[in-house]
Structure formats: C-alpha cells, structure tokens
Amino acid sequence: MGILGWVGLIAVGVLCVRGGLSSTEYVIRSRVAREVGDILKVPCVPLPSDDLDWRYETPSAINYALIDGIFLRYHCPGLDTVLWDRHAQKAYWVNPFLFVAGFLEDLSHPAFPANTQETETRLALYKEIRQALDSRKQAASHTPVKAGCVNFDYSRTRRCVGRQDLGPTNGTSGRTPVLPPDDEAGLQPKPLTTPPPIIATSDPTPRRDAATKSRRRRPHSRRL
C-alpha cells in the first residue's frame, strides 16, 4: 500500500478521555500554516497520563494528493507527525504510530531502489525512523483493539469506549489545550464522560410453538 493510502487511513483529531471521570476533550483537526515556520513554532503535544486515552478521528475532508510536506518532529515525546497542505495553508496533526508504520513499510518495499545511492539513503532513513519509533514505546500500545471499540483507537490503556458518541457533560478539568487558542477550529476544552462499553449479546433462541413442531411420520401399513 502506498504512503498516500496509509495516510488516508490515519485519523487527524485527538480526543483525550479519562475513563469514568469528567475530563477535557482535545480535537486537533487542522491549524493555519502559511509557511513551514508556522508548524515548527507549535509546541509538542504532551504525553497523557497513564489513565488517559487518546483517540484519533478521520477528517471531514482532506485531499491527500495536495500534501506538500510531512513533518516528523523527532524532539517531541510522542513523535508528533504533521501533514502540510501549502495551497490550503493548513497543517494536520495525525496519528504518528499509524503513519510511521505505513511509512516504514513503504521504505522497505523491494521495488523502491533504483540505484545504489537511493538504496543507501532509503535504508538510512528507515533505520533513523525505526529508532525514533522504538524509543517511544512508552507512548503507544500495540495491543489490538477489542471488538466494539472505536476504530483507529490509540490508547495506552486500550480502554474500550464503545461505538457511542462522547457527549458533553458538566465538569471541569485542570489540563490545558494542546494547541494555542489561534487554532483555526477555535477549539475550547469540553468536559466529557466515557460511555459504558457496548457488549454484544446474542438474542435467545425463540421458542417454537407446539403447533409448528414437526410431527413424526407414521409408517404406512400395506396389505398383502
């Protein structure tokens, strides 16, 4: 699968949900970025506490063919990954672990090398990104998401929040937004509660009416 195909599967919103308690919702759909410096000056996204879940949402609309830059912020604790559309002047924060997994797969594709120099460069890039990902194992969990959990869920605790939408409730939180208030979405912290997980149960087998029960066929007697 090509890199754009992998990018198409990556979610670009971040939801922070503290299971069972009121918490704050952080969504990073996009940010105004007229030039590279607008991206580089954004602070790193801080790692959540151990009991805090992060979920990424798919954007409503984005043309991946128009992406002009991909930024892997090596100095950030979570390896912040940003896609930049120069024409639209927007930057999208994406799930770094899903993105890097697809990127490394593309780099290791045997059909890529065209010459010795390209092969050496590609292998060096693969090694560098692989080391960056391995050094951040504490920031991600590779445990598969159980059935009934939200798709593309990245969570250190792998808490299953079900398929219900997270609705706002009254509450406060001491955390601050992960992006400055000039984010184009104008996002403000919203208290959330985690809905109970959806547990799939099978319906009991309906009882068959006595009148519909199959009758045993009696053998016919034959006269000799």
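Any Cβ shown, glycine's included, is placed from N, Cα and C.
Cross-referencing Cys16, Cys76 with Swiss-Prot gives Cys76 as the cysteine bonded to Cys44, criterion being a recorded disulfide.
Each of the disulfide-bonded residues Cys44, Cys76 was scored by the number of other CB atoms within 10 A of its CB, and the lowest score belongs to Cys44.
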